[in-house]
Amino acid sequence: MVESKLTYEECRKQRVEENKKRMEELHLSKLAQSLKTSSPKSTPVKQGKPRARLPVEPSSVPLRRSNRVADKPPPNYKEVPIEPLDRPRSYYRSYQRRDLLNRVYASDEVRQYAIYRAEMLQSELESDSPSFVKPMLQSHVTGGFWLGLPVQFCKSHLPHEDEKINLVDENGDEFPTKYLADKTGLSGGWRGFSIDHQLVDGDALVFHLVKPTEFKVYIVRANESEDENEEEESKKNKREEKTKENNEDLDVAHLTRSAKRLRASKK
């Protein structure tokens, strides 16, 4: 047992000596020493007391401005809310803020039926002037009041720069709006039109471009039931039938008078 331990110790010492000789032959110790001496010494950073800064009043510091605007009054960057298109604030005072948590969404059937009736109305308009149907969503009639228009329609028929576009309802009332060409939609002024006409989700509007910057707008209400429309159509048919009967009576009376005059002339 002792002989095996001595043999192991002797072998280990022999390996250590061989490793030392190899390191000396490769000059590894000198290389390590040269790397230590060549590394720069880090100097400690002196930490002084922080300097106390005195508060500077904005009025005492001159503004650095370009020579082109030096003789002009300084700009005022205070944010002041401005109503679009110079509308008075009293214009919106009568409008009660809608409860966005209690939004009423139109069903798919009601929405599709309103679109169908709007397309039927669109087919009766003059084909010389372009038009399109726009179904109303909650974002159009509540909250942000932003109305995006069909992109292709805007590129083909509307100005390529921001412009004022008038919306004329069926009563002839005009509502100026701000058209944003890059975003292809109406921003300022659309809120007033939506509130005045009490638009809701599911309504369908027909926009008829009668002038380069003027739309005639027809509103198809989503809350108008099919029975009401059928009743109105029935009344219209009855009026037409009555008119036709009156015309037939007039024709018969005219023929009777003509026959009497003919018999009188023969006598």
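Note: Cβ is positioned from N, Cα and C throughout, glycine not excepted.
What TrEMBL lists as region 'Disordered' is 30-83, 223-267. Per TrEMBL, compositional bias 'Polar residues' is recorded for 31-45. Positions annotated as domain 'TF-B3' by TrEMBL: 132-223. Taken from TrEMBL, the feature compositional bias 'Basic and acidic residues' applies to 233-254. Residues annotated as compositional bias 'Basic residues' in TrEMBL: 257-267.
Mean model confidence for the domain 'TF-B3' (132-223) is a pLDDT of 92. DSSP states for the compositional bias 'Basic residues' (257-267), grouped as helix (H, G, I), strand (E, B) and coil, give 10 helix, 0 strand, 1 coil.
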